[in-house]
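Following: one structure in structure tokens, then a few remarks.
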Amino acid sequence: MSIVMQLQDVAESTRLGPLSGEVRAGEILHLVGPNGAGKSTLLARMAGMTSGKGSIQFAGQPLEAWSATKLALHRAYLSQQQTPPFAMPVWHYLTLHQHDKTRTELLNDVAGALALDDKLGRSTNQLSGGEWQRVGLAAVVLQITPQANPAGQLLLLDEPMNSLDVAQQSALDKILSALCQQGLAIVMSSHDLNHTLRHAHRAWLLKGGKMLASGRREEVLTPPNLAQAYGMNFRRLDIEGHRMLILTI
């Protein structure tokens, strides 16, 4: 698979790095590790929102060489701290993220998949935390989906499963899997190690801004690696054909 983004000795003050790695088209990459590991800092750097030491190549060009307008066409980014910019109907907010604003059926499909059908006429400042999270997810999906944006290459998500119930998490997994099959590269942070074990193709395990392990999910999420990252003992079990991680006392 082609390399979409390449990081070389990326670092930010004392919070991150230096670390290196590759993001590949058609793969879901999970960033895992304890709080303060540097996951959010790394995602913001990969999104082009911050700068620091080291280099990042995006689609063969230095990330800092991309204009904001061009970057928005090729990558989408959802941070944890996003709040509604000002009051507007949800459908209007979602339309602002579409490069092809005539694709109303696509907007309705994505909204329906994330159970937002009945929220489209509501104002963005009247949403619960979970509803706003789903609106944010719908917005970045509409921004980057190859169905309407052939230039879309990379989707960056900071803890996208926050505030979602089990059904909504499953719906998002289906959307991300479909985007991945269309060739998009997806990088997301996660605190659910078993979710990573089921849904990620590859993982980067971080602690204190350093990369402890990277590679296929099964190679990274091993009890020794996790013990080093979290300071706790883990076991990996096979239950009805599915691998599962549990803490041991």
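Glycine residues also receive a Cβ, built from the backbone N, Cα and C atoms like all the rest.
As the structure is a computational prediction, the values presented were derived from the model and not from experiment.
Database features (Swiss-Prot):
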type	residues	note
DOMAIN	1-233	domain 'ABC transporter'
BINDING	Gly33, Pro34, Asn35, Gly36, Ala37, Gly38, Lys39, Ser40	ATP binding site
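Close to Pro34 (ATP binding site) in the fold, though at least 6 residues off in sequence, lie Lys207, Ala229, Tyr230, each with a CB less than 8 Å from its CB. For the binding-site residues Asn35, Ser40, the ranking by surrounding Cβ atoms (within 10 Å, all protein chains) places Ser40 first. Among the listed binding-site residues, namely Gly33, Gly36, Gly38, the Cβ with the most fellow Cβ atoms inside 10 Å is that of Gly33. Spatially close to Lys39 (ATP binding site) yet at least six residues away along the chain are Leu31, Val32, Gly33, Asp158, Ser189, Leu206, judged by Cβ distances under 8 angstroms. Taking the mean position of the Cβ atoms of Gly33, Pro34, Asn35, Gly36, Ala37, Gly38, Lys39, Ser40 as the ATP site, the remaining same-chain residues with a Cβ inside 8 Å of that point are Ser189, Leu206, Lys207. Taking the Cβ of Ala37 (ATP binding site) as centre and 10 Å as the limit, one finds 25 other Cβ atoms among all the protein chains shown.
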